[in-house]
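Here the structure comes first, spelled out in structure tokens, and everything after it is commentary.
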Amino acid sequence: MNPILEILLVALSLGVGTASSVSCLRDAIPAAERINITMDGVSMPLGIWQNAWDSSVIISQMYGIIASEVLGLHVEFATGPASELILGKLAGCAHQGFEIVGDCGPPRRFHVSFENWLTDSPWTQQWLTELEPYGAPINLGSIGYEGKSGMFVLNGSLHAGLQDSGLSLDFYRSYNLAFFDPSQYTAKVSEVDLALLKGCDSIELGYPGIADLYLKITGDDEGVLEAPSGKTLSCWQNKWWLAPACRSDMSKCVPVIMPFTGWGMPEMMQQAFWHGMPLAFASAIDVEFASLNRELQSLLYTWVPDTAFILDSPSPVIFPDHSREQYAEKVYKTMNSKVVLSKWASRGLQTAARYAFLVAERLEFSIEGINGLLRSHVLSGEDAWTTACTWLQQNPAAWRDWIASKTSCAVGFGLVDGSGLLVQNISQAVGCTHCPAGSKSTPMSDADGETFVCTPCPPGFSQENPFSTTCEPCRKGTVTNSYGSEACLPCSVGSYQNSTGQTLCISCGLRTTQLLGGVSYMDCVCNEGQIEEDGACLECPLGVNCPVGSTVALLSKAHETNALRIIEGFHSDPATPLQVHKCVSEKFCPGGPPGSCAGGRVGITCGACPNGEYWASKCEACTSATVVSWALGAAALAIGVVLSYYAITSSLSAKASVLMCTGASIAIMVSFFQNLGVVNSIRMDWPPFLSKLFEVASVFLNLEAPATACLVGTDVWQYGLQISFVYVVALMLPAAWVLSNIFLKRCGLAWDPLKTISVMGTIFQLGFTTLAALSRVPFVCYRHPTGQYSVAQHSNVLCGESPHMEAFGISLMVVLMIFLSACFYAAARAPTWSKKLPAIRFLIFRFRPQVWWFGLVLLVRGGVLPLCGVVVPDMPRFSLTMMGSILLTYLGVQMWLQPWKAPILNLVDSLSTGIFVLLLFVCLGLQNDDGGVEMEAFEILATLLSSSIAGILLLMLCTCVWSLFQRQVIGSHSDLILNLGRCATNEKVLDKLIEISHCISAAAEDQQHEWVRSLDNLTVYDLHAVDVVTEVLADAMLLQVSRRNFGSSSQQRVGTSRRRISEEREEAEVSEEAEDAPELGPSCARASCWV
């Protein structure tokens, strides 16, 4: 707190009071008719915050009389000790002592204050900023006179010097001892009673560091002392600090008496030093300050205007003009600056009490006027209200000008008529009102005087605030085409305005804008679904998300969270960002800016790793360990091929063995996963669970090893390596046969050529679906947004641009067709190849002898299913329907023929195939992805169906393994599970056959006739079963009976019996009416034979 600028009375008691109940003016409005103002929504008196010095109090009382008796307002007064409180009190803040302590804001009880000594202080702007949220007060300008503080000389000494020698003691050069002796006209230091003075320590208490500052600026080390606590002032008798000019002869010193804690001492002691003035400074006891100075009539520190020494006519000692720069550096050679004494009002008072606001704004006094008023006040001895009232009564012409007429509108206001409508002519007006938003307050004058009117803002201009004096031109991007606009409207989407003060927006044509309020044509951008390239808007290619404002330049800077970006599952090269290619999997193409591939992959579809790297969750560099793993894999493959000869070349049998069932169940499971892999090759967006399942199943359709890229670089030669794998496996077995005959023949371990062929056939048969899918790889293509096509399994390769890949695929197709043709030929010749049957064991050993050719059905199914994704690759529904149709046809044939030797295999095959068909139909439902509960139900059903198929096959495999364990380890020969029930023992069947044989051989012709009649009553299925059984028994028991003779004799007997039966039926029909029941014929003999 700066004590030089602080105006306060230490012992003042604060109070709040209302206006005097006694009227001052003759035509005063009675107190009963006065009204409150409404501020912050609360009705209250007009609050006047007066400061605790006479000039402020008298003017405040004068203003209160006018506000209450002329304007008819209730008023309320409160007094504060310092200028520091004014702004806070007008903002509604609480205070304690000399400080604001917070609690600011509404309701604001005090609304106007006069004579603020801190107008130009840097603190004022800081306080206003801090009070802005609560309604910072408004500066109403100067009160008309300025405040001064500093070194003054009273009239006694000043008059003595002028009278005696014409020496003007109110000028600093008059104190130069080389020419003048000012002490002869002033009091002497020795004449001052030391008991009336404070010690120098009180000065240092008010100005800590004053000695250090003085020494630093002046270098006068004799004016300070070194003390344990630091430097202190060097004072005579601890009372007087003597300036250098009279330090050697104190009798020449002119006393300067200061109030309180040595107010003004830092400035005045430097002024004395710089200008060689013989001054002695001391601080008076507070209660003795005024009386002591009146007695001495010497120099002192004081301020004006004030009543303390008004009768002594204090004159300021004139120094060189004030230097702001020197004062900023604390160098005080020049005179103190004058202080603008200002008036302040609460924000919003111009609306709550407009005429009271105008009185405060217009109230002014000259320095002569205020000094005269203060002199009258002191001389009369009356209180402040009386002094104010007397002045008002004596000077009506002066203060009447402060009161605005009803039509004298202030800035921010305008004329209104009796209806409250704004008018432009004083003759029509009856009063004023604030200019509303959409208008400006414009000055005007006519014969009746000068005032303001509210003028509507013209088109192209607006004003959002009331009380405004100007209309603002519409900013760029905004327009208004009407008068009195409160705000300009932003240009709508698709238009812009590049100038200010406009009434219409400019259309962007075929373009649009991203936001309202476009300010230039540069804001006109491409519409959603378009992208700008070279200044033209192009259709956004498939695979790119193009919001409004998309450009190729922005696309190159996109990232995964941008709206403008390559969509997941697509990729484009940075050099040609609009040439978008569709990726096989979203996990490889994360989207974002062009060129984004996951895991370090490269290519037009992120389809592979760079040369010298392979894919393992990310692209990894090929190492020597990779080559070693390939070598080990080749060795394991060779061993596996050799072992397969011994594992799958058992002898043929018409009866299903547990080992055969185990192998068949594995084959069915492999076939199931191959079919799942075929479904995965159909390009669809699958639910997460199915997607994972299909990915795993795809392994059964893909011969690509993880590090194939380390052996051959490009996708084409990686595919060639897969094809060569088929040929290598196919040639290994003949090579092993040749080697075994060369090196192992003498040991009896040479391979049998027929069995070798069977092993080759088994391998080809088991992998037929995989090989068929592999052969179609170059021809399974999908379309890119560019119109190009990529090979689905090697998406970096464009279809039709790799003849080597196509040649590899065609060569494999030829091999498969040769194998399939050979299988057809072998199946046709099988009944006559009794010695060659081991060569085609792979084709017939799992099926019943009656349907030995069913292996061809499996081969055809395995070859046709992979074609479903080739015929129409971009029509997934049609592909699924084709698969379902093929599998339904297979299911019908399988259920009709029951081809598998073991009943459980027939059951498992039909169940798994049927459920798989249901799964395909559910997948068709998943294509209508409209979300909601229905899609969730489809996903759950698909999950259950696929899980149930896997569960059935796994259960079958476990059952076979358990049966094999029982037979080989436990020694049990029960085939209850494999046969889906108990079968009669061979002995029991033979006993029944013997009994039937005895019955037939011992039966008479009449009994045979009865049997034929009973057989005629059998269903076609039962009769067919009996016929099949007899043929099987004949084959099984190697009966030396000619099928032709056996058949003819049987037909002869049956024909005779049929004729007799026909005759008996005719007789039965004739006698039907006379008899109650038909004649059934004898049957006891037949019954006894079966028993």
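Glycine is no exception: its Cβ is also placed from the backbone N, Cα and C atoms.
Automated prediction, rather than curation, is the source of TrEMBL annotations.
Under the heading signal peptide, TrEMBL lists 1-19.
Residue counts for the domain 'Tyrosine-protein kinase ephrin type A/B receptor-like' (477-514) under DSSP, helix first, then strand, then coil, are 0 helix, 10 strand, 28 coil. Summarising the annotation, TrEMBL assigns domain 'Tyrosine-protein kinase ephrin type A/B receptor-like' to 477-514.
Same-chain residues lying 6+ beyond the ends of the transmembrane segment (627-646) with a Cβ under 8 Å from its Cβ atoms: 705, 707, 710-711, 729, 732-733, 736, 751, 755-756, 759, 762-763. Among the features that TrEMBL reports, transmembrane segment is placed at 627-646 (among others).
Taken from TrEMBL, the feature transmembrane segment covers 658-679 (among others).
Look at TrEMBL and you will find 725-744 (among others) tagged as transmembrane segment. Same-chain neighbours of the transmembrane segment (725-744): 637-638, 641-642, 645, 703, 750-751, 753, 756, 759-760, 763-764, 771, 774, 812, 815, counting only residues six or more beyond its ends whose CB sits under 8 Å from a CB of the stretch.
The feature transmembrane segment is assigned by TrEMBL to 756-775 (among others).
Summarising the annotation, TrEMBL assigns transmembrane segment to 807-830 (among others).
Under the heading transmembrane segment, TrEMBL lists 851-872 (among others). Long-range contacts of the transmembrane segment (851-872) within its own chain (CB-CB distance under 8 A, at least 6 residues past either end) are made by residues 671, 674-675, 678, 681-683, 701, 765, 768-769, 772-773, 776, 779-780, 816, 820, 823-824, 827-828, 830, 842-844, 878-880, 882-883, 886-887, 890, 893-894, 897, 899.
Taken from TrEMBL, the feature transmembrane segment applies to 878-897 (among others). Within the chain, the transmembrane segment (878-897) has long-range Cβ neighbours (under 8 A, six or more residues past its boundaries) at 675, 678-679, 682, 851, 854, 857, 861, 864-865, 868-869, 871-872, 906, 909-910, 913-914, 916-917, 920-921, 923-924.
Here TrEMBL flags 904-928 (among others) as transmembrane segment.
The feature transmembrane segment is assigned by TrEMBL to 940-965 (among others).
Annotation source TrEMBL lists region 'Disordered' at 1050-1091.
The compositional bias 'Acidic residues' annotation in TrEMBL covers 1064-1078.
In this model, the domain 'Tyrosine-protein kinase ephrin type A/B receptor-like' (477-514) carries an average pLDDT of 94.
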